[in-house]
Structure formats: structure tokens, C-alpha cells
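The next block holds one structure in the form of C-alpha cells; read it before the comments.
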Amino acid sequence: MSTVSVLIVEDVVDDATLMLAELQGQNGDLVWQRVESAVELRSALASRTWDIVLSDYSIPGFDASAALQIVRTADPDLSFVVVSAAVGEVQTIALMQSGANDYLFKGNLKRLSAVVEREVRDTRQRRAHRAALQQVRRLASIVHSSSDGIVGLELDGTITSWNPAAEQISGWSAAEMVGTNLYQVTPEHVTALLRQALERIRTGQKVESFETTPLRKDGTQFTISLLVSPVLNEDHVVVGAAIVGRDFTEHHRQQSALQQGEVRYRTLIEAISEIVWTAPASGEVTDGLLGLPGWGVFTGQSAAEINGWGWLEAVHPEDREHTAKVWSAAIAQGGIYRVEHRLRRRDGVYRNTAVRGVPVLDNDGAILEWIGVHTDITEQKEVEQSLRNSEERFRTFMDNSPALAWVADVSGRVLYANATYRQSLQLPVSDPVGQSIFGLFPKEIAQIHLQSTLEVAASKRIVEVIEPGIRADGSQGEFLVYKFPIPHDGEEAAVGAMAIDVTGRNRAQKALLLRDRAIGATTQGILITDPTLDDNPIIYASPGFTRLTGYSADEAFGRNCRFLQGADTDPKSVNRLRKAVRAGEACHVEMVNYKKDGKSFWNELTITPLRDAEGQLTHFVGVQTDVTERRRMADQLREAQKMEAIGQLAGGVAHDFNNFLTVINGYSDLLLQRLFPDDPHREMVMQIRRAGEHSAHLTDQLLALGRKQMVAPRVVDVNRIVREGVRMLRGVLGEDIELKVHLASDLWPVWVDPGLLQQVLMNLAVNARDAMLVGGLLTIETSNLQLDEAFVRDHPESQLGKHVLLSVTDTGMGMSTETLQRVFEPFFTTKPPGKGTGLGLSVVHGIVRQAHGHVEIESSVGHGATVRIYFPSSQHAVDEHDYPIIPAVEIRGVETVLLVEDEPGVRALSQHILTSHGFQVLTASNGQEAIAVAAKYPGRIDLLVTDVVMPELGGGKLAEQLHRQRPEIRVLFTSGYADDAVVRHGVLHELVSFLPKPFTPLALALKAREVLDAPS
């Protein structure tokens, strides 16, 4: 036996050594390798061809069953013998059933050499059989794939084979023809020619190719060129014939004008695409056998020229060396001869041919001769080159296409990808072909791609989808993908795809949609006009325009914007707009326009020109805003500023004026207390006192207009104040006016000056009485109300939260829209001269705003009026002593009071009042002096009575400092300043005791006693 290659699967070196010792000298030269793992086994099988594998049954981490599977996968013909010492009968049977060839015990290796010799021989025989079978299959494949019809015959005409080309040419299937006599389907003249050809073959005569005209299965006649060759058995006895036929009908028709001889020549040359040849085992041609009939016909070489290596002269000079080398190697190795070369045709033209030769072996495997076929593949080469050129053009086109293109199978494996695909996506590999998309993209993205691929493959329809992908910069993008099925003719289904990155486009589309939604949602009207058309017509109107004007976009389309103008539209504003349009400039105006229902509104209009890239005017964009409410609010602001000016004027003099009135009224009260009722001077003092009261009332009215009035707010029950006020109102209203009162239970408390609230109620009742000339109904109501965001949005003066609503409704003559717009103006009145001052509602407005509330009036001519006042509710409980009760007994005190007042007259009066009521009084003219006085005084200071606004150190800061030094001290603030000045000094809030100037002696004594007696 020649050299034997043995692959040993064994982890114990000594056991492998024993096996090798047994084999040495018994089985020829040995080539061996020991492995002990699956990885080593696979590597060894890939490194060379082995004759046998000897494997232990059990190896750590590995066993004979796994080794057998690896061996059968790599080489199904390779013998596998188990050599082990620890295997039971069950395991042995299982291994043999799995494909093991034999089993030996390690303890008895006497059979090893014989088993190896047998199994090596079986391995080689199996491989030889497989190779021969493959060779037969290849020969059968040649016949099967030939474009010429090839038919096998017995000498009596019985058909033994009928290839697909014969089926296509004749229309008869192999199933119909095999076993049938050919003469049964051929016309008489064809039958005669075939009988003659077969007879010549039987007698060893040569048969030239010939043309004839048989009939197809459908009865149509066609022209065919036939070449009849003998089929020999191993003894070179003719046992049959092979007919090679080419359908020559079309060619014959095209060349019918040529001479018959030339037609036969051309037909023979072009019809024979295969040259069948034989050669002796040595490879050197003798007796011209190479030609059979075809070689000489094709090349023009004679038998003498063919002999030896003369046939090489017909091969192109550039191909001869390679051809000779391959032919020599095939002869030496006894393998298949396969080569391509250019072969010179008898007209001198070289044709590309594919050569395949196989050795014919005897029973002992010795070569008897060579049989080969030369196939003219010139057209195939041209087609291949054309295909390559086409593929190159296609690849160039696809690689330069801006679209991503790829092909994938239904498992997600990429079969093709153009350069744009590779450049546009972030991929983990440079070439995605052959890769699974699950290795190229995140799982969730790959799953989306595979789902649409499967859908296309199943439905065989084109699908358009948006799919995600990882772009080259690493960001996730969106791609518009067209996927389409690719015909596969039984092969695995594939799907082609073209895609473009639409991330930016989608973002732009979303931005456009967002813009459209934003334009549709905005309250402003947006118009686009075209100045290049006559009369600059509207070409776009937004939904906001429809909501603003009542005109639909269709109603506005094609019209000039002037259709919104009317009688009250300012001509100057219109002219400004027209000049701007003519000049192609922007413009901003406010003008009166009219809605579809005829109502007017103030329109703030801004027009802006749009220009193209060359700067040419193309359109105008107009933005319209209803500013009617804004202008109304502006009017109210101007009114508020007017009130503020009045308040500033009043507040500017209030301090000094109230100080003076405090002194005047205070000393007047003291004088009146000392004068007897019949004293002749008493009336003069009373006149002084009345003048002081009128002056104080005038100051309060002016301050109320500007919301600067000095107030003494408390946490009060509005219902209680209404009940108190109703008693006074019944005498004011008269008998012809019915008064109804509806008070809500559990009314929330509010922080307001109770006296001013009574003044508000009185002013409203008097106005209502004057509006009901012939009597009527006056209704006063209270209720709790929670103001939400919607209410506040519609009522800018209001604020969120809990409110108490006080409403006063009359059934009088009502008010017009013009009157309602001016109703809060100071000194505005609709009453005749001498019947009204025009301060009633303006004072109400000032008082309510000063209490952080707001007022609304609802009225129309002939339908009465309703005044609604909203007061914010207080978080504190109602002060049950919100109305001071004047005690019946004299007010006395023994506590120490620190009096701080920068006005000498007021300071002297206050000291006199407090001292007269028994208080011990310390005085200071300012805050710093008060700090010093308190520091020097050793005793307890019970009460600080201080002016709020003083130079250097105000009352608020003074109170803070003294409270830190003397935590027990209580504080009473006084001031003649307007309310906002007191607030700025941080002393006016719900829990602070405050006495406004001017005050009476009794009020000062009472307030001091109240503060001292209040709970801590």
C-alpha cells in the first residue's frame, strides 16, 4: 500500500504511540497527526486529505460522537474508526449507527493494521466512485445544457435519450420519445436519410453532416443540420449512434439567395458548436483520430497535420503554451482536461472555444483513450463581455446615483449594495455584501427592514415605506424606500430596494405643517396678495382672517383688501397703504375695518413686501390684528393716568393739609368740650369745626378719584355692611322704588375700609334712583365666586382666586355704549346742570381699585344697569370690632406712650390729648430722636404712636428697631399721606393698627386704648 495518512483523535500521547507502533511497517509509509480538540480536528481536516481517522471514545470536553459529526461534515467518504477501552455495547451500536466504520479495543490492537488497510481502501474507492459519478454528471450536464439537440439511438432507431434542446426544437418531450422508434415520427425522406446514416455507421463508414426537413410535433416543417456519430462500447464496437442537430430554419431562410454549396458550408460551420474528438491514452494524436469528422471540418487541418501535437497549430499562438501545459498535466494525472483557448477556423478567424476532455478507463482504472468536446463559446464570450460591460455601466450608474440601492434575501442578508449605500450609512464593515442586516444595524431598525422585505417577497408587489437608518454621521435618519420583488426562478427569493434620505425633507414638511397649524391657530389674520396682478388681489387668507372678519378664504380670494373698508375708515391711513404698495415698501397702520356682519373693528395692519432671489417684488404679506380691545384698554389707561395725576396732585398736598386739619379740628373739639352750650363763642368754634370737616371730606373725595384715599381697611363681612347700609338707603330711595336684597350665606370675608364700602353702596343706590324716573326695582346681591383663567383672560383687570361679588341692579333707563365707555371719567355726567357732580361712579371705581377689586357695568338703553364689584377674599377671620364702639365712660390710661411726630402742631395736640386721658407721654420729632429717647428711658414703654413718613427714619423702620429692643411694645401708626405712600413704607396691611389724619381727640384716645387692650 502507498503512503497512508492517519489522523488520530487522542488526548493520551502513549495511546497514540501504541497505535502508531502497531501500524509502522504494516501499512506502508505513514503520515500522521494527533489532535485532541474540536478546533484542532477541524484545522487538521482542512489542512490536507486524510485516509482514515482513529478516535478515542472519550476526551475531556470532547467525544467520539462529536468528532464523527465533524469528520462527516468535512469529508463524508473518510473512514472513521473508534479505538477505546471504555465503551459499552449500547454506545458502540449508537456510534456504528451514526456512521462509524469500525470499533477496536485499546487492549487488543492486533486487528488495527488490517482494519486500517481495509478502511483506507474503502475510503479511496468511495472517493473514486464519487469522482466518477461527478464526471458522469458533468458529461450529462453538458448534454443537458447544450443548445443543440442531442439524441441517443440504438442501431434499429430506438431512442435512448432526448435532451432539452431536442425537446425545444421538435416539440416532442423526452417522456414521449425515449423508448420510441425515431422512424415513427419522421417523414419518409428523413427516415431514409437516417436509415442510410445508421447503416454506414454500422459498417464503419464515415457519415457527413447533412440537412433535412423533418416535421415538428405541431406539423410545421423545419430545416435541421444533423451530424450522426457512432457510439462505441469498451470494445470499440458500434452499439448505437448520437445525433447532434441544430435548428437551421431561420438561418436557411436568411441565406436562401446564396448558392447551395456555400449554404451547406456556412450551415455546417455555424451549426456545429461542439467538436467531438478522441485521442489515445498518451495524448499524442495518431492516424488523425483527433478529428473524427468535426476537427478537420472546423479548422481545415488534414489528418497528417493533426497527428502528434500538430493540432496545436490551430490554437492561437498566445494560447498554445498554456493549452499544452494543461493537456500534459491532465495526461500525467489522469484527470479532467479543462481549458479555454482561441481556435482558428478554416477561414482564418479565431473563435473562442471551451475544451473539456475526460479519460475513458478500463475496469482496472487504466486510461483507454480520451474523449473531448470543443464548444464554440465566442458568442458566449461576447455576451459575457457585453454583460461585464453592462454590469460595469450599471455599477458606475448605481454607484454615482444619489439614491441608496441594495438587494437582500428574505433572511436579511445583503446581496448587493451600491457606493451610495456604503457612503450614506454608518456601517461596521466597509463592504456590507454577504452581511446580515442584524449585524449592520441596531436590532429594532433591522427588524423593521426585514419586515418590509418579507412583505414584498410574499406579496410580490412594490412597496413604498419610510424606514429608519443610521446615517454616516451617526444620527438616526428617515429614508423613503421603494422595495420590489426580484424574479428568482426557484432560487431563494430576493428583494431590491432604492432609497433616498428624507430626514431633512420630513423635518421641513413637519416644520411646514407646524407653520400651517400655527398660522391656522393664531388669532391674527394673515393675507398674501399678488402685486404683479391687476388690483393686487388676495391669493391667500388664513383661518385667523376668517375668524377675524367672518369672510371665508374663498370669499376673499381674488379681491382687493379695500372691501374691508367703510364709512369710518380713515382716508389718510388708506393713502399711506396705497403709497407703500406702489413703492413696494412695508407699512404699519391702524384703521377701522368692517366684518362680514357689518360690525366695525380697529384693525392693526402690517404689510411686508416679499422679493425673489433677484430682488423683484413678488408678493405682499399682510398681518391683521383686532386691536379694538387694546385701544379700549389704552383709553382706560389714559383715564387711569388722568386719575393718577389727580391722585398725585391730591397726595402731594394731603400730608401737610391733613396735618393742618388735624390741628384745626383737634383744637376745635377741645374748645367745644370746654365751652358751655350758651357760651357766645361756641358758634364761632362750631363754624371752624364744620369748615374743617368739609375740608377733610373734600380731601377724601379728591383722593378717592385717584385711588389715593387714606383708608382704614379691616377684615369685614360684606353682608353686615350691606345690612347696615340698607337702613339708610330706604330713606334715600323713596316709596316708588322697591328694594330687594339677596345675601349669600357663608360669604367669604374681605379686606376693605367699611366706611368707604358704605360710601360705594350709597353712590350706586343714588345713581340707580336717579335712573328710575318713574320708580322701579333695585336689587342688591352678594355671592362667592372663584375666578378662573378664562375669566381673567377676558377681564384683564381681574385676578385669579376667590372673590366676593357685590352686584347692584336697577330697572332704569340704562346707558348707551358711548356712555358706558366714559362712565368712570371724573366729572362726566348725563344729568342736567346742578343735578350731579360726575364724581359718583368715578369715586366708586377709585375706592374699589384701592381695595384691589375691580368694577364692571352691564347696561343697554331701556334695559337698566347692573354694577358688579369683585373683592378678593381674605384668608383671615372677620374682625368683630370692625366698627369702633364709643364707650359710655371716659377713656383713661396709665400706660407710657412714646409719641413720634415731625409736625410740631400735631405733636403738641396729640401730647395734650393723650396726657388729658391719663397717659404718660414721651415725645420725639423724628425716628432717630425716638431711638435715643427710648434708650434713655429706664421704664416700660407700652405704646409707640408714630407718623409713618418722616425724614431720616420712617415709622415702619422705627417700629422694627424698637420692637427688637422692647418686644412688649405695641404700635399705632398715623399719617396724613395718601395710601400708596403708606404702603411703600411697609406699614399698611390687614394686621396693622392705623389712624389716618385728620383725627379727632376722641378717635386718638379711643384708638390708643383699643391697641393697648387688644389680645397679644
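Here, residue 1 is simply the first one shown, and the rest follow in order.
Using N, Cα and C of the backbone, Cβ positions are placed for all residues, glycine too.
Listed in TrEMBL for this protein:
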DOMAIN    5-121  domain 'Response regulatory'
MOD_RES   Asp56  4-aspartylphosphate
DOMAIN    135-205  domain 'PAS'
DOMAIN    208-260  domain 'PAC'
DOMAIN    337-389  domain 'PAC'
DOMAIN    390-438  domain 'PAS'
DOMAIN    517-584  domain 'PAS'
DOMAIN    585-639  domain 'PAC'
DOMAIN    652-875  domain 'Histidine kinase'
DOMAIN    896-1012  domain 'Response regulatory'
MOD_RES   Asp947  4-aspartylphosphate
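Taking a C-beta cut-off of under 8 angstroms and a sequence separation of 6 or more, Asp56 (4-aspartylphosphate) has the following same-chain neighbours: Val9, Glu10, Asp11, Val12, Asp15, Ala64, Val82, Val83, Ser84. Cβ environment of Asp947 (4-aspartylphosphate): Val900, Glu901, Asp902, Glu903, Val906, Gly955, Phe973, Thr974, Ser975 lie under 8 Å away, each six or more residues apart in the same chain. Here the domain 'PAS' (390-438) has a mean pLDDT of 90 out of 100. The DSSP breakdown of the domain 'PAS' (135-205) into helical (H, G, I), extended (E, B) and coil residues amounts to 41 helix, 12 strand, 18 coil.
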